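Enquirer: This is the structure, below, for whatever I ask next.
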Amino acid sequence: MAQFQRPTLCCCRKVLTVPSKSCEGGQGLGQCRLVDIASASNFHCFKLRHFHLDLRLNFAVKEITGWQVLELVAIQPGVQTLVLDTHPSLLIQSIDCKVPGITGAQDISPSLIYRVDPFTDYGSSLNISLPAYVIRPHRAFQITVRYTTTDGPAIWWLDAELTCGQTRPLVFTQGHSVCNRSFFPCFDTPAVKSTYTATVRVPEGVTVLMSASRSAYSKQDRVFQFSMEYPVPAYLVALVAGDLQHVDIGPRSRVWAEPCVLTCAVSKLGGSVERWLNVAEDLFGPYVWGRYDIVFLPPSFPIVAMENPCLTFIISSILESREFLLIDVIHEIAHGWFGNAVTNATWEEMWLSEGLATYAQRRITTEAYGEAFTCLETVFRLDALHRQMRLLGDNNPVSKLQVKFEPGINPSSLMNLFTYEKGFCFVSYLSQLCGNVKRFDSFLRAYIEQFKFSSVVAQDLLDFFLCFFPELKESCVAQREGLEFERWLNACGPPLCEPDLSAGGVLTGPVQRLCDLWASEPPDPEAIANFNLSSWSTFQTVLFLDRLLDRSPLSHEVMGQLSRCYSAQLDEMNAEVRIRWLQIVVRNSFYPDLPRIRGFLHKHTSRMYTVPLYEDLCSGVMKCFAAEVFYQTQARLHPNLRRTLQQILFQTSALSTPTGSVPSLLHPTPSSPSPTPRDQLGPSDPPTTGTIALRDVNVSA
Ligand SMILES: [Zn+2]
């Protein structure tokens, strides 16, 4: 929209909300570290005001056809080529240009010359030659790209058998981080935001939803129309189409799901969503997106949840684990402020979205559920961070908050727990510095107000923090020895300090005492019998199981005792609990509980539960069993997941060892997904060679 300036990244990596003289002419832009986009060389030369998608979905051939209209303004004179990000799975038919208001021959939308060049394994470069009359500074023009796209990294077609209802096919898109270049040509960087509209034509009986603030449906034409009135980066444009129905659950919220999932989803969320939104608004200011809807997707959804604005995408598998559902939805709500309203300008600083959203999520749960609950959940996640740290060693560059990409690195491969939890610890430290959590809340409100609808770098946040608290600036907190802001951002290793979580002791204390009892030689059955797991919360139980898992291998006697004590009881609990017990079973080769693993893998077909178990099974002695279960269940797995599991099953020699290998930032390793946070469980079809085993990090934020 006109009142919002597109941020411009200058050579010093500072994002300017208003283009400055230092950026004009592109001096130094070659030094900007936007190595993940082909359009880096020239996105700053144009302002993207708006774009429109006109699409037809063809389920029979799994194809999206249509066109895109980009409304652009040339900012710099003399630029004759428009470079956009695209993908080999997107086939361009033609590109036209129009300059509104110009009469005569120039108004007849001439076809333009274009060329698609290779860029990386996750995208290509679309170079469009612009006519001379177009590229006058500050003149608006429209580029229309007619194209067809199939099943690139952003687009997930599900045959009917892969949906929950198993009656109709479904398609959804997943743009984060750099996948949407296979959905539509774009400046595929979070530094560029624009409004968008869309027209989507579908067969009868199909409902379409998009991450848009307004929508309309013409039943007669079977056409859905969408409008996102607020500027968003390309990765937050999302679409889902299938047999979807809704129930209103609040004044601005509805739950969408396949009919067979809807009742359960509504009953699990009830009136909580409006309550969480109200708490968030009290803390961080008005919710700017208008609607907050949630759509539950089939188990093939490759991640847990995605913060698409106005419409959170979340996997239906999480419904049975109530506390995880609660945390995941609150986390996505928090992104409404942190990540979506104010966005990290580069993927090298993803903590600006995830660290702040995790902090905000915990402020919301503290207000809504108390400090003890929030501290318990934080202890559980920080345990996972330290597990990841042990795996990676202290000097791995992925543990930096400001990572440095080299060309060819897929930003999607760098989602990890440091982004979330080390980022959270840094934000908590800033909060401590100002001495009062409420004062820090007011700083965050001001930060949102100052930067909403723009993209920022860490320096923007830190400069604003020091301006907001001048007394802290005067006392040079940014240079405090050992806790320098620069060290927080650029040092490898664990957080420089962690928040005080002693308020969670009432909940974490019993967990640790029970762990200690099981660690004593021999375990004392009477003392152990005093602890009743069924009276515990899910987070207490998963913390207990994770700590047992950390102590594996356990003796066969202890495993026998554990199984007698807990196995049947845990089998009645939710999937987040069960997968952890089953991982203990696998890592200790405890055969009596093997049937439970088979039952679990027959029931659960999502990536977040299958991949960790198959990795464990295949790196131990149960590979034949894993292959047998895989052949029995593969027809119900998405082809991308099937390929991942086949790689785990049949390339074990190249697989991660129990200690895992370390992804490198220094060289392109396109086949290396990273340790994987909950709402970013990896790219669409991540090969497993050279990865860190998901089992070691499957408890992330
Ligand atoms: Zn997140």
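Note that the numbers count up from 1, one per residue, in the order the chain is shown.
Cβ atoms here come from the backbone N, Cα and C positions, even for glycine.
From TrEMBL, for reference:
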type	residues	note
ACT_SITE	E332	active site, proton acceptor
ACT_SITE	Y420	active site, proton donor
BINDING	H331, H335, E354	Zn(2+) binding site
DOMAIN	506-649	domain 'Peptidase M1 leukotriene A4 hydrolase/aminopeptidase C-terminal'
REGION	659-701	region 'Disordered'
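Could you place the listed features in the three-dimensional structure?
Expert: In three-state terms derived from DSSP, Y420 (active site, proton donor) belongs to a helical segment.
The domain 'Peptidase M1 leukotriene A4 hydrolase/aminopeptidase C-terminal' (506-649) scores a mean pLDDT of 96 in the predicted structure.
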Enquirer: Which entry in the list of recorded positions, E332, E354, Y420, has its Cβ near the fewest other Cβ atoms, using 10 Å as the limit?
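Expert: Across E332, E354, Y420, these recorded positions, the one with fewest Cβ atoms within 10 Å is E332.
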Enquirer: Hey, what's the Cβ neighbour count for H335 (Zn(2+) binding site) at 10 Å?
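Expert: I count 25 other Cβ atoms within 10 Å of it.
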Enquirer: Report the recorded positions (E332, E354, Y420) that meet this criterion: Cβ distance to the nearest atom of ligand 1 under 6 Å. Use sequence order and write none if nothing qualifies.
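Expert: Checked recorded positions vs ligand 1; flagged E354.
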